[in-house]
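Chemist: Found this in Swiss-Prot, in case it helps:
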- HIS85, HIS184: heme b b562 binding site (BINDING)
- HIS99, HIS198: heme b b566 binding site (BINDING)
- HIS203: ubiquinone binding site (BINDING)
- 35-55: transmembrane segment (TRANSMEM)
- 79-100: transmembrane segment (TRANSMEM)
- 115-135: transmembrane segment (TRANSMEM)
- 180-200: transmembrane segment (TRANSMEM)
- 228-248: transmembrane segment (TRANSMEM)
- 290-310: transmembrane segment (TRANSMEM)
- 321-341: transmembrane segment (TRANSMEM)
- 348-368: transmembrane segment (TRANSMEM)
Amino acid sequence: MKKFMNFFSSNEFLKMIMSTIYLPTPVNINYMWNFGSILGIFLMIQIISGFILSMHYCPNIDIAFWSITNIMKDMNSGWLFRLIHMNGASFYFLMMYIHISRNLFYCSYKLNNVWGIGIMILLMSMAAAFMGYVLPWGQMSYWGATVITNLLSAIPYIGDTIVLWIWGGFSINNATLNRFFSLHFILPLLILFMVILHLFALHLTGSSNPLGSNFNNYKISFHPYFSIKDLLGFYIILFIFMFINFQFPYHLGDPDNFKIANPMNTPTHIKPEWYFLFAYSILRAIPNKLGGVIGLVMSILILYIMIFYNNKMMNNKFNMLNKIYYWMFINNFILLTWLGKQLIEYPFTNINMLFTTTYFLYFFLNFYLSKLWDNLIWNSPLN
């Protein structure tokens, strides 16, 4: 036993792993801090299920749709792997949005490196999910890819050339499908690498907590206390996940994707998966094509502006103004998601413009509300 422990203490790689397991963690963190580890579980589920599906998938426009049918009908447990991978993407993004919203509420963006890497993971995940959505080669897959890739043509001077280069031709074709499959296969591995960097950056600074305090006296070992606590969260989320896979497997998808891609027949309403609807809604709210593309990209990149916040309050728990505004922002996000699947007609277009404006205003007005609250607290006669 002594030799075994000496081996652990002398091996640098194992020491690094053990330091991760026994990381000093604030004693008062709640279940909102569980979603990061749940995200790790879903990332591994996506990588493993995707690897198994890739053995039977054919990235060819003539047989891609039928290879999916073959996976569902003839491959042993293929239907289960496909449903897990398909609905796993929805759960992955749901957990990620909850994870980001918790960080916004508790001001975890003050851990600048952790926050910056996290936004990169979000962008890479969105790219991987978009390319994966094209692979089944259904109607919505084809037309979704056509619309989104065409947005690059809004870039002045070089836009059209970039679109042709991505397509590998004058329209979405076999070369496009092959490229998307290759990128969809490799991107999750790059995301996994970024997650490791994310964890390294987190372990350099330590986790935040609901009070925003940073006292080492109030920290305990992550294992076994919080590892056991995390397991309960895993069981609950995985139970809900498998329940949806077995009872409502196609509830989160689009019915148009059960039809094979037909370039001669445009769907009535082209829309992406539900987890991209908020960004798609912002894209549609701006009449100018280039402006819409900039709005789409900035809907994610604007999260980087949080790094420059220097409010004295370490979270919104005790900041009444910011707390109210935060929940207004969450409702705004949900309404943008709902508006993204509505038809482009009155009154949805007008409401869309309003909520797009308030979405971006949050990141600027929130800063001034924090400053106002800081001044009220720190300049109070009681201080």
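A Cβ is built for glycine as well, from the same backbone N, Cα and C atoms used for every other residue.
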Chemist: On a C-alpha basis, identify the one among HIS85, HIS184, HIS203 that is nearest to HIS99 (heme b b566 binding site); the candidates are the binding-site residues.
Modeler: HIS203
Chemist: Could you state the whole-number distance in Å separating the C-alpha atoms of HIS203 (ubiquinone binding site) and HIS184 (heme b b562 binding site)?
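Modeler: The separation of the Cα atoms works out to 29 Å.
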Chemist: Taking the binding-site residues one at a time (HIS85, HIS203), which has its Cβ surrounded by the most other Cβ atoms within 10 Å?
Modeler: HIS85
Chemist: Looking only at residues six or more beyond either end of the transmembrane segment (115-135), which have a C-beta under 8 A from one in the stretch?
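Modeler: Beyond its ends, the transmembrane segment (115-135) has Cβ neighbours at 50, 57, 59, 64, 89, 92-93, 96, 100, 103, 108-109, 141-142, 144-145, 148, 176-177, 180-181, 183-184, 187-188, 190-191, 194-195, 197-198, 201, 272-273, 275-276, 300-301, 303-304, 306-307.
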Chemist: Return the stretch with the most CB pairs under 8 A relative to the transmembrane segment (228-248), choosing among 35-55, 290-310, 348-368.
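Modeler: The stretch I would name here is 35-55.
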Chemist: Do you know offhand how many angstrom separate HIS198 (heme b b566 binding site) and HIS184 (heme b b562 binding site) by C-alpha?
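Modeler: Cα-Cα distance, HIS198 (heme b b566 binding site) to HIS184 (heme b b562 binding site): 21 Å.
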Chemist: Six or more residues out from either end of the transmembrane segment (348-368), which same-chain residues have a Cβ under 8 Å from its Cβ atoms?
Modeler: 278, 281-282, 284-286, 295, 298-299, 302-303, 305-306, 309, 311, 322, 325-326, 328-329, 332-333, 335-336, 339, 342
